[in-house]
């Protein structure tokens, strides 16, 4: 059996410090190893790792018993990024970063790129620059004993911000590039699995509030998924896409099967979320080898939960990891780095380079004149008082004339120092006096405190919500517009279905400016 798990981890370093695993940050390797042990995956695909190569540490990347592969964002630090951890028993034969092939090193790459003539080189470079795709190719053996090729595409698809229409166009182009690459791999004879965060809830059953969303079915991302996937279930339908949603194949009518929840509204408490994470397999692979597809909502540490699938195949590990493996990175390979690796070649203009390295004749004349002037102004020691030998260190020290001589001081004898004896009455009086001063200081502090409390009333009490008569919570408007930055009050309960009395009510009140 081959067990696959995908998880949008929302920062690969965040779950390592959560209460679920309770390891200190100094035990990163132990914490990451325990995550892998708990998820029990032969291949674990992570999205939104939010690390770049300069902050990737060896305990995070090199885990005993696993080989790992990372794709980093090249535009922003702490943004996007995907990673794949494979057990040594599932070592891939090839690994590649990106979908376009522009990041390929042509040594241990997956290949099969398809027709990308619709994209410009700048567009392809932009789509691959955010570290959103990572491919690993594996050899698998079916129960019939046949050896086949399986390619996993670990993706973190872009989010379409309503306030940024250019990001919707970017998302749809990324979808198009992903489909071209996946279909090219299928045409080359490889089985393909697309797994990760697709950032789209496909059907109304996959979203908690699809009924109230305007034009839900007309969303461009959902239309793209309609063309990519076959109809729900493994049966033949009117549309026969090249891929199948494995979870809906096994659970076609399961409601409340969500994988992402808002952390701000506490929606996970009442399971008020959406299903954005998928494991999509090509039709033949899903029908012939998939034994189960599941969600793991009990696993905390992120605003997403892991999803997984079990295949009735065995992995045939490669003898050596592909060059993209993190164990081959110079900083983790255990080899001494050359200083030239830290230097960047500076491209200079030929004219500037010549002027910088070869001064002009006029400059050389000025330099010689300056040197002669310096020599002439230098004081020369006299021949009679000079000594070419090395000077003694003690010659630099002279006795201070202002320092008083010890012999001229009249020191008092020890007998003149007499310790006065304090009586018991004097000691008691001192204690009483100290207590009185402390009491006076305490009274003065209380007077000052009460004065400032009367002057500054402090924050006003929170208003009570209309639905539950409970204290509200204050929020701040972050959406651009006339109300940006304003504060308001709302119900403090977690977000949930309107029919659930334990969920948040619709109370709203603007906060008065102080």
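Start at 1 and count along the chain as shown; that gives each residue its number.
Heads up, the Cβ atoms here are built off N, Cα and C, so glycines get one too.
TrEMBL tags one of the stretches 359-414, 415-470 as region 'Disordered', and that stretch is 359-414.
Annotation for residue 197 (active site, proton donor/acceptor): same-chain Cβ neighbours under 8 Å, separated by at least 6 residues, are 6, 8, 47, 48, 155, 156, 157, 260, 276, 277, 304. Helix, strand and coil residue tallies for the domain 'GRF-type' (465-514), in that order: 0 helix, 12 strand, 38 coil [DSSP]. Neighbours of residue 277 (site 'Important for catalytic activity'), defined as other CB atoms within 10 A of its CB across all chains, total 24. In the predicted model, the domain 'GRF-type' (465-514) has a mean pLDDT of 87.
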